Ligand SMILES: Nc1ncnc2c1ncn2[C@@H]1O[C@H](COP(=O)(O)OP(=O)(O)O)[C@@H](O)[C@H]1O
Ligand SMILES: O=C(OP(=O)(O)O)[C@H](O)COP(=O)(O)O
């Protein structure tokens, strides 16, 4: 039983409902390339507008340092309008006069997106004055963003202590589905952790190795481990400062009996662009100017062999820069393999993360997975057994 209030407990009519959503979706040249997170929040927005509430949507986008027009939520308000099939207005700030005026003009049943919360330093600091400024725009608070529940920010955590707080439909659904799928997973459990958010996801691997039997470290994440083992990684995405943390994780894995699988080969290029000239080489043979932009075929074969022995597969973070051909090959091949194992009833598979879901859709296999979560980092922290601040703050 989930111990928090949901929309079913809220009186929404004529209320200004501050809703934390996750509009941090994959985009290219101003266009949304994967709309999974937009579709996920439609039931909550409709529940509010159907009951005559005013939906005031809060979200971050990217990791801006201050106001940055390239990380505006304005295009997302348009994209959401198309999904929702009704007008979605936009305010050029999430606090202050621009926000106050725009919210005060809203009629019952209307929807507005406020500008990127991370344009203000108070968001990530969870600063009390910024929380108060946001809270003044709403009568009640709904958190419908499981994918940011691991962040203790003003819009994800602080507001829940200021206003009557409720879980949105997507938040409820995510926790229920993940609990059902992974509360008592069939073993062996294999986790794949890849992608590019190395600094924010690396540390949690130390706990994850106690929960899973095999950990495949992939994508940009793997490069930090390879460098920590003394390999030359050239210009690859790598957090050299985290070498000690990476070595510590390898030790913890050994102590916990968790098998670590690292890449043995990679697709290398000197330019970060689609169809850049590339070559396949072992991870000991990376040139000074080269980047590992995808896992190589030997690594993929090794991962498939490990997948054959697994009963449960959890996955966050692609194997390579999958947005650019041909560096999508490993991610697509492994995604299709997990999809096939799932269809055949050989594994239960759960994948999550903004870009991971985009990658599964790109591979055409999202439907084949047992469950696809909107969340990446939050999903991994949940799996690690950590209390998520955004969820904890909602508890009755
Ligand atoms: N070897 C690599 N070099 C550079 N970028 C990579 C590499 N592998 C994966 N990526 C990038 O990682 C990003 C996704 O990582 P992340 O944000 O952690 O995943 P998610 O959004 O699913 O949680 C993608 O944009 C992809 O291009
Ligand atoms: O995209 C997100 O997470 P994900 O990359 O783990 O899927 C969330 O919007 C959180 O973003 P953040 O990691 O910048 O706090």
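Cβ atoms are placed via backbone N, Cα and C, with glycine included.
Of the residues 180, 201, 211, 231, TrEMBL places 201 in the same ATP site as 323, 353, 354, 355, 356. 151 is the only one of 5, 86, 151, 169 that TrEMBL places in the substrate site (with 22, 23, 24, 37, 60, 61, 62, 63, 118). In this structure, residue 355 (ATP binding site) is part of a helix by DSSP. A Cα-Cα distance of 7 Å separates residue 22 (substrate binding site) from residue 37 ((2R)-3-phosphoglycerate binding site). Spatial neighbours are here defined as Cα atoms within 10 angstroms of one another, and by that definition the neighbours of residue 24 (substrate binding site) among the binding-site residues 37, 201, 323, 356 are 37. For residue 353 (ATP binding site), the spatially nearest entry among the binding-site residues 37, 60, 62, 118, 151 is 37, judged by CA separation. Close contacts with ligand 1, defined as a Cβ under 6 Å from any of its atoms, occur at 356 among the binding-site residues 24, 60, 356.
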